[in-house]
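First comes the structure, then the notes that go with it.
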Amino acid sequence: MAAIIKGLYDWLLRTFWATEMDVTMIGLQNAGKTSLLRVLSGGEFTIDTIPTVGFNMKKVQRGHVTMKCWDMGGQERFRGMWERYCRGVTAILFIVDVADFDQIPTAKQHLHSLMGCESLVGIPLLVLGNKSDLPDKLSVDELIDAMDLKSINTREVSCYGISAKEETNLDAVIQWLMKYSSK
């Protein structure tokens with residue numbers, strides 16, 4: 001009986017108080033953007049994900065909120081499109097492979113370049129340190145320092161450690177996004 005009432009309640013919320021939001025997921029190649037989106041949208045993690053060519057889009061439904069998530073390719077040839085797909089979105093997710101120390105300076109450079117774009121001022125940023133399940137990786141505090149996140153002052157910036165593979169801390173990501181669904 002409780003399941004029927006909850007189902008009816010969710011249907012009423014979606015029908016009469018539905019909220020949509022756009023989210024852009026960016027980061028360097030192999031950071032785990034596509035795997036994260038697959039897991040967030042109810043799919044399973046797979047180790048053999050094909051690199052994104054251009055972009056993918058999936059809708060993630062949570063209660064009365066529908067998140068349209070744009071997963072942008074992270075290869076160098078696609079990075080020029082990032083700013084265009086970040087304009088006017090509700091939030092930007094920047095995913096970093098916290099176990100790939102060699103790529104951190106490049107990720108930092110691209111993040112700061114993007115955050116300097118006038119068209120993106122004020123859009124909230126969530127930096128996600130993915131692959132936190134691996135033994136040799138940056139902690140959240142180390143990632144904040146390595147990416148110099150404290151110097152970004154044109155928007156709200158948050159940083160979480162996650163693992164798409166182990167589904168670690170993904171509820172916190174959803175909660176963070178949901179907080180912007182009504183803004």
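Yeah, the Cβs are placed from backbone N, Cα and C, and that goes for glycine too.
On a predicted model such as this, the values are computed, not experimentally measured, just so you know.
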For this session: Could you look at Gly73, Gly74, Gly88 and say which one TrEMBL places alongside Gly27, Leu28, Gln29, Asn30, Ala31, Gly32, Lys33, Thr34, Asn130, Lys131, Ser132, Asp133 in the GTP site?
Result: Gly74
Exercise. Counting every protein chain present, what is the number of Cβ atoms, excluding its own, within 10 Å of the Cβ of Gly27 (GTP binding site)?
Worked result: 26
Exercise. Looking only at Cβ atoms, how many others are within 10 Å of the one on Lys33 (GTP binding site)?
Worked result: 29
